[in-house]
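What TrEMBL says about this one:
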type	residues	note
TRANSMEM	20-45	transmembrane segment
DOMAIN	38-289	domain 'G-protein coupled receptors family 1 profile'
TRANSMEM	57-83	transmembrane segment
TRANSMEM	89-117	transmembrane segment
TRANSMEM	129-154	transmembrane segment
TRANSMEM	193-218	transmembrane segment
TRANSMEM	239-262	transmembrane segment
TRANSMEM	268-291	transmembrane segment
Amino acid sequence: NSSDLSPSFILASIPGLEGAQAWMAIPLCSAYVVALTGNGAVLLAVRTEPSLHSPMYFFLCMLAAIDLALATATVPRILSFYWFDTREIGFGACLLQMFLIHALSAVESTVLLAMAVDRYVAICHPLRHAAILTNAATAKIGLAAVARGVLFFLPLPLLLLPLPFCGSRALSHSFCLHQDVMNLACANTTPSVVYGLTAILLVMGLDAVLICLSYLLILKAVLRLAAWRERLKVFSTCIAHVCVVLAFYVPLIGLSVVHRFGKDLAPLVHIVMGNIYILVPAVLNPIIYGVRTKQIQRRIL
């Protein structure tokens, strides 16, 4: 129960299945391999096909790179825990992993917003699309997304760094999240709570509102078309992006709800929701775009 400024934390095991964790890691590893293969294939397809060198596909490459980084920052450590029973994670490693998860999620949210704006301009202002979203502008948006994620979420580990930790060191996930680590501190965490909530609202919350606004404007433009066939044809160009947005925000909202209201839920729910949040977007995104985008599909084949 002694206080320690540089403690180690205990990752959460699967309750009741501690002896079978090596087998439970197999589907997790399989999903990770699918994420690596799918996102790697998307990056390679766009890299090697000159006809795909346009803002829409560059944004897709950013999304694939973020998913690869996010999965790689968490899944290998989880597999190490499940297969070799390395339950402890150092304080510095935990803070780094926490920062990468939150910062990369913020970057992905920004890229999804940029893709929504790309669809809005392509549908509502098609003649100005090439002039507005040039390759140079796309690169600047990507750099701005990275800077936004780093600047907004770098203070999270810095606020936790000086706090003392005492009592239980057991996390409720198999990786480190800000709220999970913060709850183990035996000191006033009000600054961390306020800043964490503010950062989430100003990044993911604002992005979600702007994405919805973009699609309301797109829907308004589509409904002006006379023929239903034309409406469906135009809106079909947005289906893949809508699915990717749902694959990102639904697990994010689910995990937030579990953290906020699920204190009495079984520990298994926290672990499953955490793994879904990390892996579902990385696994589904390349599949969605591989199925919906014929150019990528042909190039991969």
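From the backbone N, Cα and C atoms, a Cβ is placed for every residue, glycine too.
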With pairs restricted to those 6 or more apart in sequence, evaluate whether the transmembrane segment (20-45) and the transmembrane segment (268-291) have 3+ C-beta pairs under 8 Å.
yes
Give the one range among 57-83, 89-117, 193-218, 268-291 whose Cβ atoms make the most pairs under 8 Å with those of the transmembrane segment (239-262).
268-291
Report, as numbers and ranges, every residue of the chain located at least six residues beyond the transmembrane segment (57-83) whose Cβ falls under 8 Å of a Cβ in that stretch; write 'none' if there are none.
11, 13, 21-22, 24-25, 28-29, 32, 35-36, 39-40, 42-43, 46-47, 89, 97, 100-101, 104-105, 107-108, 111-112, 114-115, 118, 135, 138-139, 141-142, 145, 174-175, 244, 275, 278-279, 281-282, 285-286, 289, 295-296
Looking only at the domain 'G-protein coupled receptors family 1 profile' (38-289), what is the model's average confidence as pLDDT?
90
Hey, which bits of the same chain come close to the transmembrane segment (89-117), Cβ under 8 Å, at least six residues off its ends?
6-9, 11, 56, 59-60, 62-63, 66-67, 69-70, 73-74, 77, 141-142, 144-146, 148-150, 152-154, 156-157, 160-161, 175-178, 181, 199, 203-204, 207-208, 210-211, 214-215, 241, 244-245, 248, 252, 278, 281
